[in-house]
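Look at TrEMBL and you will find B:7-209 tagged as domain 'Cytochrome b/b6 N-terminal region profile'. The feature transmembrane segment is assigned by TrEMBL to B:35-58, B:79-99, B:114-136, B:179-200, B:235-259, B:307-328, B:340-359, B:374-391, B:403-423, B:429-448, B:484-504, B:516-537 (among others).
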């Protein structure tokens, strides 16, 4: 648009549309009673007054220019928002996906590799280590007979009462094949030590029937131990589930419907070190596998994302002895 | 009508932006000087937001470990944590600047007494919240700071019941109480801020001394209803200030995170990283000092072994003075030189605060004899007293002072610091050499303060001194500046786009992740600058009268 003038053959622009807009705005302002243009003062002071008046009331900014500037401001603001977006990742907690079980060297409480032959036989002290994830406690047991001599634990077929399926427990490791390891999370409702723990032979007797928690054995558990002819057992005080540590953590008495999952141990006879290498039994991982025994114990962590992997070392903690009080 | 205009109108109608009871601002007040409170509020808001993000991850049962986790494992966790720390630093510094500016402007006078008192209370709460926040890190410095704090409380038998209330099971590494109180204090600040803000809005910003030289300095309703409305000009101006504040809060600490091996005395001011944990062997090798904003208190603790005296000097007397100030300075004079006693006390408060903080930084925990105390604190008092006695309030029409360039300002600051340093040297090693240096620096300082004094103490160039004839010229040069501003805006836009594109490639954790904070800070700075330039081009009038 704009105003054009014909000169001979060519057209020439005299006024741009923005100029027209400006004039229109200026005239409007001059007519406005609030900002009326004082012609008398104009006569007195000349163009200075006019410039001053225009600068003050109309401003030098035309609409197009203002929109361009607004565009830049909005553009920068939009770019800032785009720049903030990756920062929003701060709201997403870092999740450590654990795929597969690590091979973890067991360390003693002072941080040195644990010597398998130094693990006391039938110790009532709850010895735990975390594996495969932090916050997942497991028992470490050196099993023996009534007299405290280590007992060789042989491989055995373990039945899962919930489904009737079976899986193969590989037996004990260590110098006497007497060291076993089970999850310390009760398969019934998830109680952890000290409520679930190992009862050495001298505590598997009628006197425990009246012992205070967490050391109370049920009569049912005592009977089951007698029938299975085992000197010691794992018992959970919460609801009375009993497991057979000599037979792969198999269920002795309910209410649990599943055996305790086994942690697979590897024994290095040259160094006397123990390694945790996987888990076996009803799959705790992946969650919700409902009693179906794990088929591939090295690959079952795929969906587990709560907690972080213990990595290639895990420390054994000899925590409380629940019997020391009695 | 353009689309943006329609959108803007839609919102301003729905939200009633034009009818907001907020103070309308006269043209001449678009100056950072008048908006210091907005800067404090901006850093407060930033710190609250970043703090809430940290709250998602912080575990009060394991303070140090979760701090380390936030720094090392959470995506951009260190960016948020460091800027949270510096947001609070900025808030403290800006609160002091805001307070002292209003102190010298006499803004605490009628009718703003309550506003002033609320402000002082907020300062106390801010320092308290900062102390607790600092303790949440659980590093060696935090634990030692808490021990000192708890020690001060314990030594007054009547107050020892406060220890479990404030710190709970702190000794066992449980920071639940500290975290809860940190949040409670911040919530209180927020509450008081609402009152402070609305009171300030209802009284309006304080007019220039030229317009209202005496208290009560308020614009009447008729006067201010003619000023620029809150929307859009104030809003635009305010956003530019907020974004720039955020930019500095983000850029500075994340850049400082790359500094390593700072000398000990820089650590309390410049190091955003936590110290080693208190139970590590490394903790034995660090000097424990409080955060910089408590260095002055830390030094005062070296003056006396009596805790009550210490609290009196360090906390109670200054605090009580500030709170009752509106009631003891009852004159209606606003000019700082017409209330010399209070101006003098104000200058001394600033001097002592800086002096004692630096002292605490350079000689932490070194006991100070009474003689040294007298020397250190008497000299500034004498200088201020003499200076104020001889400077007379200048008549408004008497003389035109030319503005002083920022360069001169910086030079003057350096000269002052050198002078202060040489005085300390002279006290420590009184010999001819140090005396000569002190005398030299002193004369430079005297000359500088004479020039600066004119600028600081006089008022701005009166408008009527600029002949009306010159306005055309002024507006012409204004136009050139505006053209330049537009070009600058386009350049900034391009820069922002480049930086933002680069930001997407920065890894969220690890060594490089703090670059994200630096870049985001720069982007915020440029956004603030672009908005500020827009404000300049669109709203700035060639002549902004003080009316």
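The backbone N, Cα and C atoms fix where each Cβ goes, glycine too.
Any TrEMBL annotation is an automated prediction that lacks curation.
Using the rule of three or more Cβ pairs under 8 Å, pairs at least 6 apart in sequence, the transmembrane segment (B:516-537) is in contact with the transmembrane segment (B:235-259). For the transmembrane segment (B:114-136), the most Cβ-contacting stretch among B:35-58, B:235-259, B:307-328, B:429-448, B:484-504 is B:307-328 (pairs under 8 Å). With a cut-off of 8 Å on Cβ pairs spaced 6 or more residues apart, the transmembrane segment (B:235-259) and the transmembrane segment (B:429-448) reach fewer than 3 such pairs and are scored as not touching. Residues 337, 340, 343-344, 347-348, 351-352, 355, 359, 368, 423-424, 427, 449, 453, 457 of the same chain lie 6 or more positions beyond the ends of the transmembrane segment (B:374-391) yet place their CB under 8 Å from a CB of it.
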